[in-house]
Every structure is written in C-alpha cells, then in structure tokens.
Amino acid sequence: MNKGLCNWRLFSLFGMMALLLAGCGKPFLSTLQPAGEVADMQYSLMLLSTSIMVLVIVVVAIIFVYVVIRFRRRKGEENKIPKQVEGSHKLEIIWTVIPIILLLILAVPTVLTTFKLADVKAMNDKKRDKNTVVVNVRANQYWWEFEYPDYGIITSQDLVVPTNEKVYFNLIASDVKHSFWIPAVGGKMDTNTDNKNQFWLVFDQKATDKAGGVFYGKCAELCGPSHALMDFKVRPLPRDQFDAWVKKMQNAKKPVVTDPVAKEGEAIFNKSCIGCHAVTPLDKRPAQRRTAPNLADFGDRERIAGILEHNEENLKKWLRDPNSVKPGNKMAGTYGHLTEEQIDALTKYLMSLKVE
C-alpha cells in the first residue's frame, strides 16, 4: 500500500514538473502567441476544438457523476431489481444529433481555413506582382537555405521577409524529409525530396516589435542525430527596409580583406572550404552543388551553426570539431587537421564576411 502511494506521489510530482516546464519556453516560440494571420487562424481553430472537447468532457462527467449517485445501490435494496428500460428514442436522437452538430461546428471553419491556407495561386502566376515575395526553402542536414528567385539572392540560416503582407514559400529537401516550422507565425509543413510543398505566411509588424525583431524557426520532423539543433532565425522587416536589404544583397561584391591575419584565413578558405561554401549572396551554382551554407553575411548572423552564440570562441569550437556541436553534420571530416594559428586566421576571415 505504501509503495503504491509512493509511486503515485512520484507520478504526480513528475506530472506537475512537466506542466511547469511546458510554460518555460522562450517568448514567441509557441503557437499560443500568434504573430501573424496564419497563426491567428490556427490559434482560433485550436481554441474552438479545445472548447468543444472541454464541453463534452464536462457534460459527460456531470452525467456520469449524477448517474453514479442517483442510481447507486442503497442499503436494504441489495436484492431489488431496478426498473428495466428497453430504450429511449428521444435520448438516442439527442446523443446522435448533438455530436453531429458539434462536428459541423468544428468541421466548417476547419475546411474553410484549410482552403484559404492552400490558396497559393499568386505565387504560381507568371505575371505576378513584382512585389510578391517568393522564397524557395531548401532543407539540408542540418541547416536551411533560403533562395529569393525573383531577386537572385541566396542566404542560409537567417530568413529575411517583409511584414504585414503574404510571403509565399516553396519547400523542398535535399537529403531526407524535414519540416519547416515557425511556431509563432504558422506552419508547419514538410519538406520532401521528391515534391515541392507550397504555402504562405504573414509576419505581423507589432508582434515582430514585441519579439525583438527576431522569430525562431525549427525543423519539426525527426531527420537525424542533430534534428533538435536544426534551427533558423527569421528577421521580418518593414517593406521599405526589406527592399533596402534586397538592394544591398543584389549589389554585394566579393569581400575585400585587408587584415593580414584575415588574408591568411581567406587563403585557407579558398583552398578547400570554397568548394562547398559561397561568400556572395549571388551564387549562380545549381542546387546540387550548393552543399553547404552560404556565408555571405556570416559576420552579421545571430548564431553560429544555427545554435551557438555568435562569437569568436564558439566559431573556433565549431572549426575544431563540428561533430561535437552538431553530431552527424556533413562538414565533419571534409578537411584535414587545422592548427590553432589556422583556426585563428579562419575565424578572423569568417567574422569579416559582411554585406555592406
């Protein structure tokens, strides 16, 4: 008896801890803080379905408790046979019609929302408005590539989009199945190797300001040992700032290095790293040859490898042993041993990669 009670207490304790930890996430890394039109629609459907489920549970629980108390066996009536009821057409109609009504209440807005979210005609129109933003998202183990086909720009890890308007996405994977998800803004949708998925999102400017100008995205499909580390950042900008960013990226030149140590790092980079990485956003290589993240704006990024704080020490840690940071990544083992001097030089060079 005491052992069972002890186990029950432990179970209750772990249950309370799980509930407490569920509320400890970062701001705007939750579907419960919608930050755009799609997120608002999905949140409304969650509230609707949850409300219906709670209503059903409460009503059934009340009826259950009432029946247990009202028709319980009383003292002295142990041998009394209760009145036998063959059935009730009225009750049968009620408990058939009510679920149908509840299903319709849930189904109608769900179907309408599904068709609205699936409307991507604007992105497939060859004569689409020049201001319509389309992003080709390519998922790789364990990093993200973002291509803006109408602007000729390619970036990695940091997604830049305009606020308060629809942004359309083409989703595909280069190796295994992944899933593109920005919890606060909407999603999620799978990226497959053999077909493209399409959808759209809207990034709210007020919510962006509250979030500090950055949203967090993740891979939401188990894809390997570093699945949990396959993050990316989203930087929504007002339309005028987004246009300025596009112009800056389109006019980007090959970086000119003046620092002697950084020059040494550039030489090391050009011997091997350049075969996979690019240092300009105007990368003309086909997708099959873009086997590693574009590093054009590496010096201005939020994170190293999508997860480490952006500083020189973490970059050196990544260069020494990428597998210790992201197990199973494809960069590990592609280059020989680097001396500390070479790592220092590479770090200096990579930190200087900025689009001015």
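Glycine is treated like the rest: Cβ placed from N, Cα and C.
Now, the feature entries from Swiss-Prot:
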SIGNAL    1-23  signal peptide
REGION    24-259  region 'Cytochrome c oxidase subunit II'
TRANSMEM  45-65  transmembrane segment
TRANSMEM  93-113  transmembrane segment
BINDING   H178, C219, C223, H227  Cu cation binding site
DOMAIN    260-356  domain 'Cytochrome c'
BINDING   C273, C276, H277, M331  heme c binding site
Does anything in the same chain, at least 6 positions from H178 (Cu cation binding site), have a Cβ under 8 Å from its Cβ, and if so what?
-> A139, D190, T191, C219, E221, C223, M230
Binding-site residues compared (H227, H277) - highest count of Cβ atoms within 10 Å = H277
Can you tell which of the binding-site residues C273, C276, H277, M331 lies nearest to H227 (Cu cation binding site) in space, using Cα positions?
-> M331
Tertiary contacts of the transmembrane segment (93-113), as residues 6+ beyond its ends and Cβ separation under 8 Å | 41-42, 44-45, 48-49, 52, 56
Mean of the pLDDT scores, which run from 0 to 100, over the domain 'Cytochrome c' (260-356) | 89
Remaining residues near the recorded Cu cation site, that is with C-beta within 8 Å of the centroid of the site residues H178, C219, C223, H227 | A139, Q141, Y142, V176, K177, S179, A220, E221, L222, G224, M230
Among C273, C276, H277, M331, the record's heme c binders - longest CA distance, Å | 10
Residue among binding-site residues C219, C273, C276, M331 with least C-beta crowding, 10 angstrom cut-off | C276
Sort C219 (Cu cation binding site) into helix, strand or coil using the DSSP assignment.
-> strand
